[in-house]
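Peer 1: This is the feature table in TrEMBL:
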type     : residues : note
ACT_SITE : 177      : active site, charge relay system
ACT_SITE : 219      : active site, charge relay system
ACT_SITE : 394      : active site, charge relay system
DOMAIN   : 168-440  : domain 'Peptidase S8/S53'
DOMAIN   : 466-535  : domain 'Secretion system C-terminal sorting'
SIGNAL   : 1-18     : signal peptide
């Protein structure tokens, strides 16, 4: 009798779970008109996007081709299925329905795999993505009086860049956030609007063109102010002359993985518009449905949907700046763990660790956060045009995003990977990073000197990698007074792909098993940590 009762209860639980609404990503087998689109890319990307990709040597590939709309139409016609978002990079849609209804989609000929947000449901392996093939200056100089933002700007020595007119002019930033009320009318953003630099935007949550209409959250307004806000003699953002797109991707009414899908869709929109830098003062780790929650092992830079999207955004040439999170000694959240995210923690006005700032490393051992900026008592402009202060990595992130945008303006030919590495190397703890502060507080004045005076940041030492490029073996040559170095090889997304201890003045590194492309070789001789670029041919 007890066995029968147990089986009955088990059946009821299984039936109930099968009828609950679930979130999932449905991946497609192919795309249409790929050849034609790649031969005529202006049909799928803006001219600004094409120009940026050409400038940075970013290849246009199948991931840039839109999702087949006929597939989406067919998915929408299925019983009980709602489509919330789509991703051309991942070639998938985000759907909601019961487990039974979603599972039925596998019968469609164009469906490749289905990935459930609920880890208790059997999940297919993460789909393989398509493999990757291998200064503007103002005419009149402005001297700013920073007012409330003085500490958060000068902490980074960013005022030295502003004095040389590197203020984000000619650069484009996309802000992914929860709401932007007041941006289209407040005086704190008048300079932005008057210059015609408040560009288009979109509300991906409500599917509306008016990204300023949603007023239940002003988080995005405050975040944006730290980048482009301006009140004469009272407030100056870190990239006051940059142009911006505002994208609402965060639904403050709930926590659901669909917000990750909104973010990826917005990142794809940003790429197509020629955006240089993305700021993400958002993070995902726990959800309203605990079955969707992420664990520390998921923070490996390549498991969560949003982190995979951040990696692709980086691969497409954009620089993705992300807040570390506000969990204190708790782990970072996604997409802060992504290889392609430049993750920002928080410090106070004295440069000391802010107790709320989430710590690293990522679960696969990478240094996170990358750097830190002021996040305690950060000056912001709110939706009522008041200059006030807020705490959180939500604000250290845009402070850094604007700073790195102004910095990149000084030499836009540099790649996103170049810029990230130069900024890391300028930071206060570069040779001794910690789990709380990462590589520390960047010195953008020193970084600018490196950027403008060095032919290549990888040539700052007597270490040499020869030949470079190489196909089978490369040799590291180093000074006679060094007896041993530790060598780590990373791919362009920061994933460790090889290690070796070199104990002689010239030692060969086998590279035949590496895929063709660009790598970063990190050399540690015990006192100096040096990173050099290497090309596998």
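Just so you know, glycine gets a Cβ as well, placed from its N, Cα and C.
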Peer 1: To the nearest Å, how far is the Cα of residue 219 (active site, charge relay system) from the Cα of residue 177 (active site, charge relay system)?
Peer 2: 7
Peer 1: Among all the protein chains here, how many other CB atoms are within 10 A of the CB of residue 219 (active site, charge relay system)?
Peer 2: 21
Peer 1: Can you grab the distance from residue 394 (active site, charge relay system) over to residue 177 (active site, charge relay system)? Cα atoms, rounded to a whole Å.
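Peer 2: The Cα atom of residue 394 (active site, charge relay system) is 10 Å away from the Cα atom of residue 177 (active site, charge relay system).
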Peer 1: What kind of secondary structure is residue 394 (active site, charge relay system) part of, going by DSSP in three states?
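Peer 2: DSSP assigns residue 394 (active site, charge relay system) to helix.
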